[in-house]
């Protein structure tokens, strides 16, 4: 049974200062404009999806032929008409989404009355909990079903067309097989291009399409993985069918090496397919998990894959997938600009459990939520690798810093811990004036994550963490405690933390959150309970006092870079929107000028060359037209920071942050006097018992369940959420499953 409130409808309102001054009139106008823009976006999306479904049919083929014939004499020609039909709708949706987000204005938290009766929501109800897709919500399952229906329909329609062609020709048995292989290869390639049209949309980290639906990048990455497998499946069989046909004809080598001026160029297609296969093989879990560096570096072949695909199919066919690729180029260039800044590291701490905590400097106007991610590059460790980490600090804990907890798992993190330990000096002594032999130079991309802090939309929360998965929940708890202490609206009243760890020394991570100093006497307003499950120890250590291994080592001011850049797609909506729109307009202008002054006068007909020119226009328009907007954005950022520093004077929370870390270096066991905390040794969480107990305690309410940990943990929790929801009674709660785990 669906909720009256949409699963996508936030329980936090967005208000601007103007709305606060004149709520009725401004709020109504804002809501009406957003409603109109939302309807427009759904209509354009519906048109685009319907059009994609008609392409495999005879009617779709006839429509494209008549459409291209009607636009032959236009400025953009047949290429422009194909782009307008296949990729234009997605760009129109992007422009409408930018307008809708701008109507929202500056985000201010204000609680909204929730539904009186709890209801199941499509986005938080897990349908599938095991299998190749992992945990899949009802909303995701609907999307998967639609895509599967489209693929099956395309296969059926194209098969019928192939059989019709074969029936009209008088060929030998071998000739029919060869023609069938060629036709089937063409159809597989076409379906692969359709999948490619969606492939790059989820991995545009700052994409306005993700922001408008409040889909975090870490969740969208899964969609990219699914689409990637599907794209490479059809692309591989596309190439395989042609290889078989050419082998039967005895012209395999000649065909593979062919690079025709008119029509499809074969050799670029072979190069593109080989690059795609290398990327595909290294994404398989055994390779990706054990050889992450190999996966990361081979995935940079996407540049080769895309460019040689454009050379292979030409500009006309490439336009089918050009929209999503162009949006990725826009996002990628912005990320490149943000990542060029050296970010100052305020402090680094090696915790007794083996984790490393880094605190970065950031400008006060760079906003994020407690469940955000940032990507970090340490140039002394690798000049190319970027690793995602959950933010462990609350945006309310400090205006000018952001922190992450990094668990040592692989080669990169081991080197980081070694470097920080080396810099801390003997007995934790600060070696600020003798660090010439070792330094850390960091760059940061992000933050990315939910537009709305959804953990604040539930009165009752169950936070389930495995190992270092506690990191984002430290930010969540800090967020709730700060709101409570400041007297601001805060919905969560009951919070249960379930944390499964291997060894008891990992409990030290809890000491990074001092609940009493953040919000004294919070027990009057918040019921917070923490249950720790130590799975690989049968009992507490004989001596839990401080030892040499229990002391945290810390070093401050590791690098003197600037704060994080605000050049992020999820940042300032006005500047981000101006950058995207200027790039889109620039692309349209570039293609028109190229056609008028170069392609048409010189009568250029080579498919591969026109495909290369189209890719060049995509890249050039972002740099030439979007680049000046980024420059102005950067100048505005410097001016805004200067104004903030002038207003703040000498006051800076960096020193306060550094002092905060120094005061808790010797805390091994968290001093949470107001927290109900229990530790269970040699046991794993019994989620059925835990959920049944919460159901009896909290009654007929909505319970937000947030999980951060390995796939097995997410599957177990999702299975229990689904089970409890399916057999719930009238007076029992609804468990809303939310996953906060980043699987690259």
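Glycine is no exception: its Cβ is also placed from the backbone N, Cα and C atoms.
According to TrEMBL, the feature transmembrane segment maps to residues 75-103, out of the candidate ranges 75-103, 307-335. Spatially, the transmembrane segment (35-55) is adjacent to the transmembrane segment (124-157); three or more Cβ-Cβ distances between them are under 8 Å for residues at least 6 apart in sequence. Annotation: stretch 611-633 has the most Cβ pairs under 8 Å to the transmembrane segment (574-599), among 75-103, 124-157, 224-248, 263-282, 611-633. Taken as a whole, the domain 'FAD-binding FR-type' (338-454) shows an average pLDDT of 80 in this prediction.
As a summary of secondary structure, the domain 'FAD-binding FR-type' (338-454) carries 23 helix, 39 strand, 55 coil according to DSSP.
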